[in-house]
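Novice: Next up is a structure, given as structure tokens.
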Amino acid sequence: MKRFFIVILFILLVCIFNVKSEEQLGEIEISKNSFSIDTNAINAEINYVIDNSITKPKLIVTLLSGDVNSIEDITSISKDKSTLTFGDFSSLSLGNKQSNNNNRIVLMIATITGSLLFIRFNIGFNKSTTLIILIIGTIFLIGSSHSITLSEVSIRIDIKVPSTFKFEKLDLKLGSGSSNIIGLSSNSINIDSCLNLKDHKINLSDTTITSALNICSTKNIDIKNLKQSSNSLINLKTNSNITLNFGNGYSGLLDIYSNSLKIDEACDIKVDGLNTTGSCNEGTSSKLVINANGVTITGTTPTTTPTTTPTTTPTTTPTTTPTTTPTTTPTTTPTTTPTTTPTTTPTTTPTTTPTTTPTITPTTTPTTTPTTTPTDSCPTTSTWRPTMASSSSPSSPSFSSVTPILDFNFDKSNLGFRSRYKFNEKSISDGPNGIANSFSINFNETYSPDSNWLISKIPSPALRANVNYVFSFNFKLGQALSSDNTISSVTISFYSPIDLPDPNVLEYFDQPTASPLFTKTITTGSFSSSTTFQANSISIKPTTDIGLSLIAIQIIRTKQNSIPINLYFSEMKLSIPSKSIIDPTTFLTKDSELINIPKASASFDSQDPSTCPYLATDLVHWHDKSIWSSGIVPLPNASSNIILPAGKRVLISPCSISQTDIYKKITIPPTSELIFSDVNMTMHVQDIYVQGKFTMGTKECRYNAYINLIFHGTKTTSDTIATNFGSKGIAVASGGFISVQGKQYHNTWSKLSTTAWSGDSTIYIQDSVNWEVGQQVLITTSVYKDELYNQNEVLTIAAISGKKIQFTSALKYYHYGGQEYQAEVGLLSRRIVFQGDQSSSDPQQFGGHVLVSGEGQFSGLSLVRFGQKNIKGRYPLHYHLANNVQKSYISDCSVIDSYYRCYTIHGTNGVTLTRNVAFNAIGHCYYLEDGVEVDNTISYNLGAFVHTIGTPAAGYNQYGQDFLQSSDLTQPADSAAACYYITNAANSFIGNAASGGWSGFAFPNLPRPIGNHLSVSIVPSQFIAKVWEGNTAHSSGYYFEFGASIYVGGLLTYNDATGLLQYSSGRESRDTYLTGYNTSAAVWMRFNNTKVYLSNRGLSMWGERTEAVNLESHDSRRPASLFGEAWLSNAIVNGQSGNILSASVEYTRQGFQFYDTYVQTIISNIIFRNFIKYQNASSNEEDNRVIISMTHSSEFLPQGISVSKNITIQNTATSQFIGHNIPVNSTGSSRFFNFIDWDGSLTGKNVPTLIGSHEKFWQFDNTCSFNSDWNCYVCTKGTREIANVQFWVPGLISRDDAQNNDDSIGSISLFGDGITDRRSTRVIHTAGITGVSNSGWYLYLTDGTPTYMKIWLAQVIYNNYLFIAIPYPATTTFSVSSEYKYNSNYNFNFTQTSSASAVRSGDGKKYYFDGTHLFIKVINFRLNGTESFDRGGAKVYDVYWEFLIHITASNTIKPPVNGFFKGLTDTLPSSNL
């Protein structure tokens, strides 16, 4: 019995206390450069360790005390893998929990069973033993339950990184514990242990920062050997003591609040109570802010050059200012330190979805309840000024000599699952909890296919031939290995996107029909483990360069599954290896071969510091309570409207205001002015109303400080600023003035001077720039379909010198920089930033806005998360009904991640909009609103990545789609959003670039103005551009078959009855006049020096008058589509450039398509090159041909409407010169296709040449030969011209009842001139016969010849004729006459002559009937030889309205039946005529 109770006692101790020793819970890989750890709910000991045995950073979590079974019980990682939170998550890890409980239950059962056996054989059963058994069972049941008590849990977190690793941002939100951080390198570090006032001691040693260090702690802060850049910001707060030692010296400003202070003698300080301000070593850039009881600062004298990479624009903002300050910390928050200027752009390429979360984060979490009294330490004397910012740029470090390894990561978010059947949206899901970058493939149904595909949703990087790349992944089975889940092979392939199904759309898929660009299969991978992830890798070495492609991964199992199975993947990636950086030996010396693209002046704006507004002697300080009527400096709060004192010029300095709390509204009265100091500062605000003046720099005193205005407010349509001025922004009333002018960076954008490949970290541009380390740079796409395959990239400058830029990370994609065209490279960062607060802006796309109804001057300003989607008038930067301005401009600004437009000119004339950049905007970007805006200059701007609102306009024919104004589409033309939206062309457009958008430049047709100007009596679409010079557009036009990068089309109208706008996206022509009024001369809309590339149609205008002179088109489906009287001259049309991304069968290219009816088109002085045959073309029109026909219809028939002259064709097979299509179902437009090669340069005949279709009707003499490659007759033109007549037969053929019906009702044949064979073409119900003049045409109608017909001489040109023969029965008599509808002097009655020959040689007023045929010679007597469209030494003759020939026939012997003479023999007239 004694032995029994000893056993029981042991069991009790094990079950009750269940004590665990120190235990490693697991590892978590850190996959993001910006990472956040939140241990606020748990006691944590944090160590930062340099470990060069690893290549990637990771966390090791060790349990020191408490009851935790799995790392998954206490951790949760965000979906983007950037935030790790510690807490009680045991309810989310049911699998592990259940498994542990099961283990406990098994142990319990085993122990009870053992006890029963022990009792049975050693003691025997009785009442006492039964009770003991019950006690044992209860104890084990208690022990088998499992819950986590966080207060009892203590962990150690070891952050291990290789010595070369640098964080972009590291955030630590800490509870109790301690941190010992040694060797950390980061752009910014934010450590906050103040949130719950828990004690956490912080020690830092050998730490390097380049932007900001923010620490808040209730315990001591000990920092040794801190290395910081010359522009870093250091903010330390604690109830206890601070020891701070600098490893590279300290030069900069001080702002310290402390009970005691020991500081180096090299610092010049001023002590006012507990406040100490000043600077060390005359430094001004860095900023040191400390709140503490005791401070010791050593090493302030610089002794060495900082080793860190300097940055002037911190890429993050401090977030550690506690919402609850330590209990012993003074209530004054230092305010002379800005919270840092935020990154103005995404650190990664935006997705193709325009509503992605923008990338600028607010500097702090502001409150509307004031937490500070900012004015206590600010002098109020009139002469006092803070130390103003310097214009100096940080020195660039040396360039790295190698590129970093670049990994393309794949996971659930960017892969689509496809199979033959049995799959859905749940077939791919998140991977196991706690496993970074993992996903699961789920075969939830039995007998799922044994093969499936993972198809990438994002384009692959460009791959060079003969370079080794690695595709790798870790793999684990979800169930133990069996025949159900055995992997037989994994194949990695690269396909052209058009050869794969859309990975965003669920659809069944078996195998691609096309061959891959590259493929490789492995059959011997590590695919057997169900307990641990095993590494797999595949070496990839393409034999040719691979441009635009998608990765497709095929996974094949040995058989279909009989049970549900899961396959787990982690760390799937394609790696581009590191390589040495070797500077190219040659660079582009010009950006174009032919055209001239003007550039902005290379000079900087002249500066005169003596004029700086903060130097004025009549200023008063915001923080001077004596200027306020209440005698109190106004504090920020949720409801106040701070009205500046009337008649005062108020200077605002960092110490004047709270930089963390929100100012509800600031009003500047008409006689007042608000002037900002040129000092780094941040201000949170909702509304600013300017009736007087708002000044933040001037043209001659551009500010150098980092000034950050953050606008707050949830979505509303209320006017909280002022009536009609909306909410959340700055509004300048009529009569008001605003000037915001930051440091000038020039050029604001350039172009590549050599191609940049995926994996490159260094680029070379065409212009020297003064950009700075740490700034953000955009490189635009080099693909055709910008929105579908987003390859725009935003990177951070690591080093820079002149035209060479190196980034902190490698390029993901290929960016072309050949002679034909080059990707644009734009600077996004500015020192002055206006941004929408992310938390209130993102959810409903409701950012800030700036509206100016007075005069406004802006330069060096960045606007981020601005614009309010679908709210009219709420745009990022907007001149609003300012009429004629005299001194307003927007220069070298940037708009980034806009919710609605970029730069708007509305009811305002005389604005200069120049050298600006815009990126990632919803709706039209550069926007002329109502159609009355004229005399503005829009020059040297860049717009990129512009998104439509709603479904992009498409359509199945030339007329596109109709869109009606709605709450989801306030301006229906946003369905075709353009980089530049031009409702009135009467402005100057010089040197602008458009990348992406539905179109690059859109000229919608407005029959009258809209909006506020409905009553203005002009027709906006009748105006021509004042200047169009040197503009470029690319990567657009692809949503609509007839869309273009420069699109002059569409119709925007206002319905007076409904009060709604309507937009039709398709065909709409425009008449243009010299003054814009139809009482003046008709003029041509001219486009000079234009470049289009990667376009659907480069330039499209539906008519009526167009000239495009000096044009380059590269990699476009067609360079231009021009209607009406159109001239394209002096051009290079290049079917294929050196850009490997465009070398795809995604689309074919044609040099020019001649239209099919009623236009006049001349192309002259054109070089066509690189039209390479596409073997799988469905027709000649779809092949890569230089000239193609339009052959789709029998309703629209061509006349003589097309001429070419001085054509040069290079690197193109002769077979590709012309591509005439013969449809399977014949069409009239195909039969009558023709054009004149004016000088024979295109066909190579070198004499004027006539090209006609495949019909023998075009074989008019023995100079004609049929070219089987072209499907055309090619003839020496001689004295012949193209002629067109229309036979109008009542009830049979009518011009007014054109039909797309190609049924034959007869034929027309050549006769005379020695022709004995049939050279004919069919006649159909649609009126119109086109052929060669000065020839015999014989008309035969199958159902007989009518008693009456008209012949319209649409195109029988001056000094030309047609000799027409028509069969009639013998004894028929005739009345033949001519009629000119508009002048009876040309009306003649024909007389009968003696022979057919006499008719042909006669004056055109005679006829002859030989008993079988009526012969007439038709001449248009009205013509005088001036009826033509002439350009470039060539001409296209007019279609002339309405000269008619009437023929009336009667016969009493063989009378007609129902108006037709029947039974006539089809006999060709004599060949001798």
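From the backbone N, Cα and C atoms, a Cβ is placed for every residue, glycine too.
When I checked Swiss-Prot for this same protein, it listed these features:
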type	residues	note
TRANSMEM	105-125	transmembrane segment
CARBOHYD	Asn126	N-linked glycosylation site
TRANSMEM	130-150	transmembrane segment
CARBOHYD	Asn203	N-linked glycosylation site
CARBOHYD	Asn275	N-linked glycosylation site
COMPBIAS	298-375	compositional bias 'Low complexity'
REGION	298-400	region 'Disordered'
COMPBIAS	390-400	compositional bias 'Low complexity'
CARBOHYD	Asn444	N-linked glycosylation site
CARBOHYD	Asn637	N-linked glycosylation site
CARBOHYD	Asn680	N-linked glycosylation site
CARBOHYD	Asn1078	N-linked glycosylation site
CARBOHYD	Asn1176	N-linked glycosylation site
CARBOHYD	Asn1206	N-linked glycosylation site
CARBOHYD	Asn1225	N-linked glycosylation site
CARBOHYD	Asn1389	N-linked glycosylation site
CARBOHYD	Asn1424	N-linked glycosylation site
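Thinking about packing and proximity, how do these listed features fit into the structure?
Specialist: In the three-state DSSP assignment, the secondary structure recorded for Asn203 (N-linked glycosylation site) is strand.
A 10 Å cutoff on Cβ-Cβ distances gives Asn275 (N-linked glycosylation site) a total of 17 other Cβ atoms nearby, all chains included. According to its DSSP assignment, Asn275 (N-linked glycosylation site) is in a strand.
Around the Cβ of Asn444 (N-linked glycosylation site), the same chain contributes Lys426, Ser427, Pro564, each under 8 angstroms and 6 or more positions distant in sequence. The DSSP secondary structure for Asn444 (N-linked glycosylation site) is coil.
Of all the Cβ atoms in the protein chains shown, 15 others lie within 10 Å of the Cβ of Asn637 (N-linked glycosylation site).
Around Asn680 (N-linked glycosylation site), taking its Cβ as the centre, 27 other Cβ atoms fall within 10 Å, counting all chains.
Using a 10 Å Cβ-Cβ cutoff, Asn1078 (N-linked glycosylation site) registers 12 neighbours.
Note on Asn1176 (N-linked glycosylation site): other Cβ atoms within 10 Å of its Cβ, all shown chains, come to 9.
In sequence order, Ser1164, Asn1165, Ile1166, Trp1238, Asp1239, Ser1241, Gly1432 are the residues of the chain that are 6 or more apart from Asn1206 (N-linked glycosylation site) and have a CB within less than 8 Å of its CB.
Around Asn1225 (N-linked glycosylation site), taking its Cβ as the centre, 7 other Cβ atoms fall within 10 Å, counting all chains.
Taking Cβ-Cβ distances under 8 Å and a sequence separation of 6 or more, the neighbours of Asn1389 (N-linked glycosylation site) in its chain are Ser1375, Val1376, Ser1377, Lys1405.
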Novice: Of all the glycosylation sites given, Asn203, Asn1424, which residue's CB has the most CB neighbours within 10 A?
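Specialist: Its Cβ has the most other Cβ atoms within 10 Å: Asn203.
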Novice: Work out how many Å separate Asn1078 (N-linked glycosylation site) and Asn1424 (N-linked glycosylation site) at their Cα atoms, rounded off.
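Specialist: The separation of the Cα atoms works out to 26 Å.
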Novice: Any idea what DSSP makes of Asn1078 (N-linked glycosylation site), helix, strand or coil?
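Specialist: For Asn1078 (N-linked glycosylation site) - judged by DSSP and reduced to three states - the answer is coil.
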Novice: On a C-alpha basis, identify the one among Asn275, Asn680, Asn1176, Asn1225 that is nearest to Asn203 (N-linked glycosylation site); the candidates are the glycosylation sites.
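Specialist: Closest by Cα distance to Asn203 (N-linked glycosylation site) among the glycosylation sites Asn275, Asn680, Asn1176, Asn1225: Asn275.
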Novice: How long is the line from the C-alpha of Asn275 (N-linked glycosylation site) to the C-alpha of Asn680 (N-linked glycosylation site), rounded to the nearest angstrom?
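Specialist: Rounded to a whole number, the Cα-Cα distance is 20 Å.
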Novice: Spatially, and counting Cα to Cα, which of the glycosylation sites is closest to Asn1176 (N-linked glycosylation site)? Options: Asn637, Asn680, Asn1225, Asn1424.
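Specialist: Nearest by Cα distance to Asn1176 (N-linked glycosylation site): Asn1225.
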Novice: Helix, strand, coil: count each for the residues of the compositional bias 'Low complexity' (390-400), based on DSSP.
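Specialist: Within the compositional bias 'Low complexity' (390-400) the tally stands at 0 helix, 0 strand, 11 coil.
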